[in-house]
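Peer 1: Grabbed the feature section from TrEMBL, which reads as follows:
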- B:6-101: domain 'Acyl-CoA dehydrogenase/oxidase N-terminal' (DOMAIN)
- B:14-37: region 'Disordered' (REGION)
- B:212-332: domain 'Acyl-CoA dehydrogenase/oxidase C-terminal' (DOMAIN)
Amino acid sequence: MERRLSEEDAAFRQQMRDFFTKTFPQDIRDRWHAGGEVGPDDIRASQRILNEAGLAVPHWPTEYGGKDWTTLQRHIYLHEMQTASVPPPLAFNANMVGPVIAAFGSKELKDRFLPATANLDIWWCQGFSEPDAGSDLASLRTTATRDGDEWVVNGQKTWTTLGQHADWIFALVRTNPDAPKKQLGISFLLIDMSTPGVTVRPIQLIDGGHEVNEVFFDNVRVPAAQLVGEVDQGWSYAKFLLGNERVGVAPVGSIKRKLADAKTFAATVRSGDGTLLDDPLLSARIAELECEVMALELTAIRVAGGSTEGKPDPASSILKLRGSELQQDVLELVVDIAGPSGLQWNRYDGTDLESWTRRAAPTYLNFRKASIYGGSNEVQRQVISSGILGLRG
Amino acid sequence: MDFTMTDEQKALRSAARELAARHAPERGEGDVPVGPHDHDPKTWTAMAEMGALGLPFAEDVGGFGASPVEVSIVAAELGSAGVQTAYADALVAASLLVSSGSQSGLVEAVTDGSALVLPALTEPQRAWSQTFSSMTASQVGDKWVLSGTKEPVLCVGSATHLVVPAQTNDGLAVFLVETPVVSGARVALVETPATLLLDPSRTPAALAGAVNLGIVTLAGEALGAMDAALSMTVEYLKTRKQFGVPLMKFQTLTQRAADMYVSLELARSTVLFAAMQLADHPDDAAIASRTKVVVGRTGRHIGQEAIQLHGGIGMTAEYSVGHLTARLTAIERTFGDPRQHLAILAGSVRDHAMVDVLS
C-alpha cells in the first residue's frame, strides 16, 4: 500500500491542473461554474478543445484517441477537470455510445463514427427508456423489422436527455419478438435524427428546464449497416454501457467543487452577528459531508470501476449509489444555505439577491434525477445484493 | 496511490488470521461472557510472538519498523474473529513511552509481552478529552507524585504499568506509574510515586500522535468486525427460511444488505487511507477525526442492521453477531465519538476549500 503519488502521477496531475485552469478558456468555465441551463455551444466548444488536446476520450482504445491511462490517472483527469468547472465531454458520446462502438462495432462503424463522436461533430442522444420500460428496461417495445437492407423502426423512447440538440440517437430496439427471453431479442441501432419519421417532443421538468424529451419513431428506415455488433445481442452491449455510465455519474470532483462553493456561499450569508459558516450545526454538516465525500473519492480510486472485458464491474454500483446521494446532499445543503433568498427563482433587474440563491432550489430539484437515471439506486442495490453478495431474490 | 497489499503484508494478514482463529472466543449455549473482555495472557503472548506489539515503532527504539498500515491489518483480523484485546490501548501507551525517549528497557518489555503498559485516559462522569486531565502531579523534593482518579481503564487489573496524563503547574504532562493498585477498572491514585515521561512542552504532540495510532488501530479492528457482521448477515439471508423461502427472496432485506456493503466499502477505503496517511504523518489530526466519523457512523449502521436482519437470533449471546455489534459500539466511543470529532472538524472547515487526498 502506498499513499503518495508517484513522481509520474504528481507530474501528470500538475499537467492536468495547468491545462484545465490555465489553457482552457476561462469564460466557458465561468458559465459552467455558475450553473443553470448551459447552452449547447459551450458543450460543443469545450469538447472540441479537449479533443484537440487529446483529453476528450482518454479511456477509448488508443487508435481512436485513447490514452491508456491507469485508473488513478483517469481519476486525476476527471477530478481536475471537474474541480476546475470545465464542461466534461458529452457523456452520451464519450462514455456511452463511443465505448460500445469501439468494443463491439465493425471496423467500418468505428472509422465512420468514432472520430466524429470524439469531436462532438455528431451529438448523440440515448434511446433506451420507454413509457413502459423504465427500470425494467428489457421489456422495451420499440421494434425494428428487417426490410431488405434496412431496419424499419416503430415505437417511442422517453427521458432522452438533450435530444433537442442531438444529431443521432443510439437506440435499443426489439428485433426478435419471438426470442425465448425478453433480453434476447434486442439490438443496438444507430439512427440519424433527421431521418423522416423521427419526432422529438420536449418534457418540461420540475425546475422549469427543458432537458429531456420524448422521441417517436414512425416507420423510420435505418440502413442495416448501422446496427452495432450482432443482431439480437444488444442487451449485453447495453449492460456494458450502463456499467460505464455508473462510473461517469460519480462525479467526485464536481461534488467537491459544489461543497467548496457551499462554504463560500455560507460565509456570505449573514446570520446574527456573523455568517452561516459560524453556525456550529451548519459547519458540522459541511464537515460530515467532507468526510463522506473523501470516503467516496478514496473508494473511486480503490475499486477498479468501469466495465472490464465487456462486463460491468458491480463495484461501479457503489460509486453510482453513493455518488448520486452525496451530489444530492450537497445541493440540498446549498438550498438550506440560501434560506429565504432561495424562495425566488426568477431573474429580474434591480435585485439584491445573488444568482446562486436563485438557482439553488431548481438545481436541487433537478438533481433528484441523479438517483433515478443510470439505473435507479434501487436497481444498483439489486446489482450489489445479487452480483456481489450473491443474494438471489 | 495504491491500495493493494504487498506480499509481506499479505503474509502478516495470514499470520494474524491464524492467530485470531486460534484465540477466538467460544460461543455457544450456556453462560457466555458479554461486554468488554478481560485481558487474555495467552492471546497477548501470541501477539507478542508474532511481533504485533512493536509493529509501528522504529527498530532503533525497539520496534519492528513497520507502520500503522501493518497494525490495521493485524487489528482487522482480530476484529473479524471477535478477539478483544488491549491492542489499541497498549500501542497508545507504547507510543508515549517511545516519545519519551527514556524508556528503552520498558519498550522492549512491552514488545515482547512481558510488560503490559496501558494508558489511563478516561475519567468518571467526564466526556472524552485528550487535552484535559483532572489528575494532578506535584513534586515532592525531586520526586513526582500523582493524585486523582481515572476510570474506566479496561484490562487495568493485568497492567504492570500505567501511562497517565496529569496536570502540573506548567500544564499537562505524561507520567509512568508502576504496579498500580486498582479496583475493577478504577485507578485511584493518592500521592502515588510516578516518573515523568513527557513534560508539558512535548505532551500535546506526543499525546496526539499516540491517540491517532490508537484511533487507526481501532478503525482496523472495526473494519474486521464490520466485515464479519456483514458476511454473517449475508449468509443468514441465504440460509434462513421463512414463509417457505430463504430470506433473500425479500427485497426489503437484500436492499438493506446492499446498503451495508456500500457503507463498508467506503469505510474500508477510509481506514486503509488513514493508515497510510498516519504512517507518513503521525500527527495528522484531521484524518484521524475523519476516520472516527466515517467508521463510527458505519459501525453503527452495520452493527444495528446486522442484528435487525438476523432477527431474534442476533440478540442472543450464543450467536456472535451481537458481540460484534457490542464491540463496534465500544469502538465508536473510544478516543472520542463521532460528535466530538465532527465538532473538531467543523471548527476547521474554513481552513481549506476541499479535502485533498492526492499528494
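Note that Cβ sites are derived from N, Cα and C of the backbone, with glycine treated the same way.
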Peer 1: Hey, which bits of the same chain come close to the region 'Disordered' (B:14-37), Cβ under 8 Å, at least six residues off its ends?
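Peer 2: Sequence-distant neighbours of the region 'Disordered' (B:14-37): 43, 46-47, 50, 52, 73-74, 76-78, 80-85, 154, 317-320, 323, 326, 330.
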Peer 1: Run through the domain 'Acyl-CoA dehydrogenase/oxidase C-terminal' (B:212-332) and tell me, per DSSP, how many residues are helix, strand and coil.
Peer 2: 105 helix, 4 strand, 12 coil
Peer 1: For the domain 'Acyl-CoA dehydrogenase/oxidase N-terminal' (B:6-101), provide the mean pLDDT of the predicted model.
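Peer 2: Taking every residue in the domain 'Acyl-CoA dehydrogenase/oxidase N-terminal' (B:6-101) and averaging pLDDT yields 95.
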Peer 1: Which numbers of helix, strand and coil residues does DSSP report for the region 'Disordered' (B:14-37)?
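Peer 2: So the region 'Disordered' (B:14-37) is made up of 10 helix, 0 strand, 14 coil.
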Peer 1: Looking only at the domain 'Acyl-CoA dehydrogenase/oxidase N-terminal' (B:6-101), what are its DSSP counts of helix, strand and coil residues?
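Peer 2: Within the domain 'Acyl-CoA dehydrogenase/oxidase N-terminal' (B:6-101) the tally stands at 60 helix, 0 strand, 36 coil.
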